[in-house]
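J.: Please read through the structure below; I'll follow up with questions.
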Amino acid sequence: MFCWLSRLCGELSTPTRRTTQLIWSSAARSMVLSSQRIPELSSFVARTNTCGELRSSHLGQEVTLCGWIQFRRQNIFLVLRDFHGLVQVVIPQDESAASVKKILCEAPMESVVQVSGTVISRPPGQKNPKMPTGEIEIKVKTAKLLNSCKKLPFEIKDFMKKTETLRLQYRYLDLRSVQMQYNLRLRSQMVMKMREYLCNLHGFVDVETPTLFKRTPGGAKEFVIPSREPGKFYSLPQSPQQFKQLLMVGGLDRYFQVARCYRDEGSRPDRQPEFTQIDIEMSFVDQTGVQSLIEGLLQYSWPSDKDPLVVPFPSMPFAEALASYGTDKPDTRFGMKIVDISDMFRNTEVGFLQDALSKPQGTVKAICIRKGAKYLKRKDIESIRKFAADHFNEEVLPIFLKTNENWNSPVAKFIMEEQGLGLVKLLETQEEDVVLLTAGEHKKACSLMGKLRLECADLLEARGVVLRDPALFSFLWVVDFPLFLPKEENPQELESAHHPFTAPHPSDIHLLYTEPHKVRSQHYDLVLNGNEIGGGSIRIHNSELQHCVLDTVLKEDVKLLSHLLQALDYGAPPHGGIALGLDRLMCLVTGAPSIRDVIAFPKSFRGHDLMSNAPDSIPPEELKPYHIQVSWPMDAETEKSSSNHPCRSES
């Protein structure tokens, strides 16, 4: 391809040549999955072959291809594209083929055509080893315009920048890009391998659970669906949690589902109102069994073009994750761990450190940024300090190490020589390192330092320091979570850390009735590169224990879950499971910047479908059967005026 371009158009500018090369390199990337494809790609359709499958072994064969016109040069060559790749087509120049030439030369880019012709070898010196079909081209005999393309809102090329709004508005065009094709086809293949692993190798049953359900207490907000019964509503389930537990009561033993789930969480850029999870439940299983299953599942379905996964994945208690990384989903690809240096400052004269250590759970935390003085500017440090003040109402002190004995910091004069040497040893500091130090209540201080750890990693990587290898997939199990957490609005009351069906740790059941805030759960999260991609637990299978958790601890209305409590009374087996977030997993596997890039038709970050303009209004006559009347919000002044109107009637 590059050779004939050079032969035909040596006058091309450098940017144009680079653009052409990018087209082909993108196409080559789409071939990564070719070896995994089943044959018979052209069965039942009008073509004999796909554009990307032809090789020198097909020389002399008569073929029929269907695809989109991606590139044309001087009305002599064009590039035809389909889902499988690209192929070069030679446009006939003789008079007898004038009609064929007219079709192929006049059809706009991205028009759909069908061509028939002979597979021939490219002339010597014009073969392209970087392209799977680079040894051959198609000498066209007949052509048919299947559909012409109007002027496009954007070019169908991955390297052409498009706003996300435009991409979502014309999603059907965006799906033609090499990257979107790769993402969705890889997603399909991984799901297929997961089904094979679960059903064929381990006897799981694929069961579809209802989408229309009833509102359940706790957890995320649910979408409400009206019914034709006055005042009664369905809700869309945020997960099949209750149904899969009921399937265990029903003796299904091993269940899985590629489940659609729904959460009404408003405008969140990293979430979708509807999403997909690989939902799994097993009877007679413990935590180790579920974790081993998932490790095998991911290992079996992992893309062949990536390094194989090493199992078992490491495990880390929640308390350690918080203390060392400041989060329950640590990115373990790089260090910069949080270190507790409270003992170094028990007798300090620094005011805010003294205040923090005098309070319950008061602590002093630090992180060491290797060569931070070399890469971070003063404005970066000030930005970090401002972030801490604005979001955590905490102070952060920087310490610059010119040498191990020379500290440049506002607190340097308060650090005795013995303390300084102790800090150097504890933090393993070196010349040009920067230490960030804060103090406060343990959880809050850890959370702040966890945020600053990631912020500093972003700053260092922006300066060219590689900390988080994008090709490295660092899986981690986080375990031993608390079963309950204080409510934000009322810390005296408790809520489930995950959901109310999670079983307490066997060693802590006795605390459930006296000190429930100390009870650990049998919950486990699967973390990948600092992102939670799965969560599960061993469930409560005893009706009395479940009733106690709901009624006594959480103060929930048990009537809403009477069906589940009743089912647990009829010989429910011990059971547990997990759900893997398929969208998030695929986002990380493909390296996509957003989960919207691995979903065929996603919503915007505000939850809108920009292609169809959903959600949309419904005429009042269509709402009437559902006994719904829309009341439009009014500003305070309008509402006051309306309430004082003399004609307003009370009802």
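The backbone N, Cα and C atoms fix where each Cβ goes, and this holds for glycine too.
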J.: Can you match one of Glu208, Glu532, Glu622 to the ATP site that Swiss-Prot gives for Arg263, Asp264, Glu265, Gly581, Leu582, Asp583, Arg584?
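T.: Within the candidate list, Swiss-Prot flags Glu532.
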J.: According to Swiss-Prot, which stretch among 241-244, 361-364, 485-488, 517-520 corresponds to the feature region 'Aspartate'?
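T.: Going through 241-244, 361-364, 485-488, 517-520 one by one, Swiss-Prot gives region 'Aspartate' for 241-244.
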J.: Mind telling me which of the recorded positions Arg263, Lys379, Arg539 has the densest Cβ neighbourhood, counting other Cβ atoms within 10 Å?
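T.: Top count of Cβ atoms within 10 Å goes to Arg539.
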J.: Could you state the CA-to-CA distance between Arg539 (L-aspartate binding site) and Lys379 (N6-acetyllysine) to the nearest Å?
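T.: Counting only the Cα atoms, the answer is 50 Å.
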J.: Cα-Cα separation of Arg263 (L-aspartate binding site) and Lys379 (N6-acetyllysine), in Å?
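T.: That separation, Cα to Cα, works out to 40 Å.
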J.: Tell me the Cα distance separating Ser239 (phosphoserine) from Lys379 (N6-acetyllysine), rounded to the nearest angstrom.
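T.: It is 45 Å, counting Cα to Cα.
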J.: Long-range same-chain neighbours of Ser239 (phosphoserine), Cβ under 8 Å, sequence gap at least 6?
T.: Ala259, Cys261, Gln277, Asp279, Ala579
